[in-house]
Amino acid sequence: MFKSLTIKSNKVKPREENDENKQDPDPSNQPQQSTRQGENKSENKSLQTKMTPVTFEESHAKMQDKISEKNSLRDLTTNPNHQHPTESKGAMSEQKEMETGKEGLVSPKSKPLGVPVINEYADAQLHNLVRRMRQRTMLYKKKLAEGDISSPEASPQTAKPTAVPSTQESNAKLKEEHYYHILCFKFQKMPLTEYLKRFRLPGSIDSYTDRLYLLWLLLVTIAYNWNCWLIPLRLVFPYQTPDNTHYWFITDITCDIIYLCDMLLIQPRLQFIKGGDIMVDSNELKRHYRSSTKFQLDVASVMPFDVFYLFFGFNPVFRMNRILKYTSFFEFNHHLESIMDKAYIYRVIRTTGYLLYTLHINACIYYWASDYEGIGSTKWVYNGEGNKYLRCYYWAVRTLITIGGLPEPQTSFEIVFQLLNFFSGVFVFSSLIGQMQDVIGAATANQNNFRISMDHTISYMNTYSIPKNVQNRVRTWYEYTWDSQRMLDESDLLCTLPVTMQLALTVDVNLSIISKVELFKGCDTQMIYDMLLRLKSTVYLPGDFVCKKGEIGKEMYIIKQGEVQVLGGSDGAQVLVTLKAGAVFGEISLLAGRGGNRRTANVIAHGFANLLTLDKKTLQEILVHYPDSEKLLMKKASVLLKKKAPATETTPPRKGLAFLFPPKQETPKIFKALLGGTGKAGLTRLLKLKREQTIQKTSENSEEGGGKRREYEDKEREPSEKILDSSECRANCIIAEEMPQSIRRAALPRGTTRQSLIISMAPSAEAGEEVLTIEVKEKAKQ
């Protein structure tokens with residue numbers, strides 16, 4: 001222990017001596033250490049010259065740090081076995097440089113002579129801990145300088161880069177690549193892939209609303225009609241020759257391609273309804289199409305019987321199966337009629353086409369029969385002159401329509417053929433004529449109903465001898481109503497539709513008009529929809545009164561078409577304002593109370609006006625289900641009524657010094673009734689009666705007093721009573737003269753000052769008046 005103390009005392013020596021005692025066992029490192037020691041000496045000298053003066057506490061703390069560093073360095077030199085195996089010579093040299101740098105901050109004169117060690121083991125452990133921490137710090141510093149350090153914790157896995165930026169960059173590059181310049185202008189050319197995306201077929205097709213599908217059906221219908229009309233023609237008439245066979249073949253191949261595309265690409269994508277749900281799944285759509293009869297007919301219509309051309313020649317009979325694709329033709333007719341405004345026109349054209357096609361087939365059969373019998377062999381067959389098709393078609397028209405005038409058949413074949421032709425002609429022609437009648441009748445059904453209604457009305461007016469001017473106005477109303485809306489009552493049309501469809505139609509037609517009404521802004525949307533369903537359309541002729549001044553208002557009017565004029569003025573003929581389409585009037589009458597729902601002006605139709613009306617009863621039925629909207633409407637109605645109320649009369653301006661005196665307030669009505677119209681005299685009389693009642697009450701309470709006191713009071717009151725009686729008599733006379741006959745009976749008689757009075761008021765027979773009644777209560781006899 002003593003040796004350790006003597007060793008520690010050696011640390012008081014200067015830095016240079018201590019460094020000389022430390023020598024590296026490796027002689028090769030001695031020159032390096034000497035050079036470093038020289039550098040440390042020069043640094044210490046420079047630091048000592050530049051050191052600023054410090055306090056005693058700061059110098060003492062620095063000395064303590066230096067002593068601990070010296071102890072750790074002593075352990076390293078005396079116990080080389082405790083050195084960390086991973087420590088390098090470079091780290092030791094850097095540590096020495098740091099220690100020498102710290103020594104330079106303290107002058108040798110300020111170093112303490114020695115510090116006693118209390119516990120050698122604890123001191124050694126602390127020095128060992130400090131040494132290891134410094135070694136580790138130096139190691140990490142070195143790795144940080146080299147850039148090889150990494151966190152001891154596992155770093156999180158980096159997410160895979162998304163392909164969105166790359167695709168966006170690629171799209172931007174593609175767009176830049178497809179720009180081309182012409183002169184000083186820059187144009188963009190869309191790439192081929194963008195064009196192809198436009199023609200990509202959707203996963204499912206709605207056959208009821210998709211117009212592109214309707215165009216496709218038109219193409220399929222054209223191909224179908226080509227086969228229906230020209231296959232029989234080419235089969236019978238000699239119009240297909242070896243010279244033009246390639247043209248017919250190209251057209252046939254085109255029609256077959258259309259058939260195949262429809263069967264493989266379009267039909268398997270058509271949506272259908274299953275259990276009320278619209279099916280859009282591709283597998284389900286394909287399964288449904290393959291299990292339908294339409295698929296079987298489509299497959300039969302594209303069967304490649306054309307291969308028999310190789311064995312039997314180019315004969316159109318092998319293409320007869322193309323006529324089996326009739327389902328697409330009828331589907332096209334159905335969808336086209338559903339989107340046309342006047343579908344009956346197309347129905348007439350289609351029925352006419354059926355008739356022409358029947359005549360076409362009959363003409364082909366007649367030419368085949370003539371060829372079978374021999375052209376020109378008899379008078380009945382075709383003689384071979386003129387255009388073959390036109391002559392045969394003419395014969396078919398005269399035969400089917402049973403016009404007659406044709407040559408008589410000669411052979412049995414001709415007779416049987418003609419009989420069958422007559423029977424089929426009568427059947428086909430009658431059915432087509434009947435169908436044509438149905439089409440035309442359905443197209444004119446509404447007009448027929450209008451004519452029937454108008455005829456019944458005119459018959460009624462003639463029966464009761466209605467004036468001619470009224471009849472003319474009724475006829476005008478019928479004609480204008482039919483010309484404007486093609487029906488007499490719109491509700492008859494809407495009543496056949498469900499409520500949701502009615503609401504959809506009325507919202508599109510009338511919602512923009514009803515939303516302009518200030519009274520209904522802020523109300524429940526569902527309440528507005530219910531109102532739209534209850535609106536009624538009414539047509540007014542020029543000069544008709546929509547409403548008159550003073551009548552009870554029960555309806556609100558919305559101008560749908562036309563104009564109306566509001567009349568007023570002294571004579572009631574001055575046009576105050578002209579209301580046009582979209583204007584609303586009469587809305588206050590729907591919610592006003594008694595006395596506030598009368599019309600304030602005359603409103604007439606300037607021309608033909610179509611108005612939407614909503615009556616008060618209907619609105620009340622609607623508001624039962626919407627209490628919040630009802631409260632809001634009541635508030636708005638009260639505000640609108642106040643705005644439209646007539647302004648109160650303004651008092652004339654005061655002149656002179658009259659503004660210094662406030663205006664005299666009006667006497668309340670109750671006081672006027674009590675006074676009975678006598679003014680101040682009546683008020684004096686009432687006060688006197690009140691005073692007498694109080695005196696009478698006090699006299700009754702003081703009955704215990706002696707009779708002498710009563711006699712004395714009676715004697716004193718006699719002269720006063722005489723004065724009162726005389727004054728009351730004069731007052732009563734004045735009141736009787738001023739009061740009307742109905743109130744004069746209520747005057748009090750004389751000599752009732754000591755009795756109790758009962759004053760009451762009752763309504764008079766005249767409006768706005770009340771009668772004051774005063775009853776005298778008789779005193780009970782003792």
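From the backbone N, Cα and C atoms, a Cβ is placed for every residue, glycine too.
Checking Swiss-Prot for transmembrane segment across the ranges 316-330, 496-510, 631-645 points to 316-330. Membrane topology as recorded by Swiss-Prot puts R211 and K379 on two different faces. Within the same chain, residues 236-238, 395, 406-411, 413-414, 417-418 sit at least 6 positions outside the topological domain 'Extracellular' (367-388) and bring their C-beta atoms closer than 8 Å to a C-beta of that stretch. Distant neighbours of the topological domain 'Extracellular' (238-244): 314, 316, 388; these residues of the same chain sit at least 6 beyond its ends, with a Cβ under 8 Å from one of its Cβ atoms. Just so you know, the Cβ of F429 (site 'Central gate') picks up 16 other Cβ atoms within 10 Å once every protein chain is counted. With a cut-off of 8 Å between Cβ atoms, the residues of this chain six or more beyond the topological domain 'Cytoplasmic' (331-343) that come close are 207-208, 214, 217-218, 220-221, 350, 443. Sorting the region 'C-linker' (445-521) by DSSP state (H, G, I as helix; E, B as strand; all else coil) yields 61 helix, 0 strand, 16 coil.
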